[in-house]
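Enquirer: According to Swiss-Prot, the protein has these features:
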- 20, 23, 24, 86: heme c binding site (BINDING)
- 61: N6-methyllysine (MOD_RES)
- 61: N6,N6-dimethyllysine (MOD_RES)
- 78: N6,N6,N6-trimethyllysine (MOD_RES)
- 79: N6,N6,N6-trimethyllysine (MOD_RES)
């Protein structure tokens, strides 16, 4: 996978709205939707958002989320965590992943 490089937070916010917001929230105390709330995800292990029902695959992967691991995951979620229930095909363009992860790193703090 490509090394993560800081991208455009503004473009990342737009990508989040069009590709992620239907299933995820980012704000502290935000609700779980089809997917978990992402607040505080960086530095946390996969499958650990309190109150969200994960697949065994997400729990067993036990990856610690960082800009790099998130970028790798978003390239092809089902390949990175076989058995994940995330029904998103991934972001194939490295630039899109960099922009989205740059946005997420700030929006989920």
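Each Cβ is built from the backbone N, Cα and C atoms, and glycine gets one as well.
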Enquirer: For the binding-site residues 20, 23, 86, which one has the sparsest Cβ surroundings, going by other Cβ atoms within 10 Å?
Expert: 23
Enquirer: Which of these modified residues is closest to residue 24 (heme c binding site) if you go by CA atoms: 61, 78, 79?
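Expert: Nearest in space to residue 24 (heme c binding site), counting only the modified residues, is 78.
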Enquirer: Out of 24, 61, 78, 79, which has the highest number of nearby Cβ atoms, where nearby means within 10 Å of its Cβ, if these are the recorded positions?
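Expert: When each Cβ's neighbours within 10 Å are tallied, 24 tops the list.
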Enquirer: To the nearest Å, how far is the Cα of residue 79 (N6,N6,N6-trimethyllysine) from the Cα of residue 61 (N6-methyllysine)?
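Expert: With the alpha carbons as reference points, the distance is 12 Å.
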Enquirer: What other residues of the same chain, not counting 20, 23, 24, 86, have a CB atom within 8 A of the CB centroid of the heme c site?
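Expert: Apart from the listed residues, the neighbours are 19, 21, 22, 33, 34, 35, 38, 88.
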Enquirer: Give the distance between the Cα atoms of residue 20 (heme c binding site) and residue 78 (N6,N6,N6-trimethyllysine), rounded to the nearest whole Å.
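Expert: Cα of residue 20 (heme c binding site) to Cα of residue 78 (N6,N6,N6-trimethyllysine) measures 16 Å after rounding.
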Enquirer: May I ask you to report the DSSP-based helix, strand or coil state of residue 79 (N6,N6,N6-trimethyllysine)?
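Expert: In three-state terms, residue 79 (N6,N6,N6-trimethyllysine) counts as helix.
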Enquirer: Could you round the CA separation between residue 23 (heme c binding site) and residue 78 (N6,N6,N6-trimethyllysine) to a whole angstrom and send it over?
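Expert: Here the two Cα atoms are 16 Å apart.
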Enquirer: Between the Cα atoms of residue 86 (heme c binding site) and residue 78 (N6,N6,N6-trimethyllysine), find the distance and write it as a whole number of Å.
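Expert: The Cα atom of residue 86 (heme c binding site) is 8 Å away from the Cα atom of residue 78 (N6,N6,N6-trimethyllysine).
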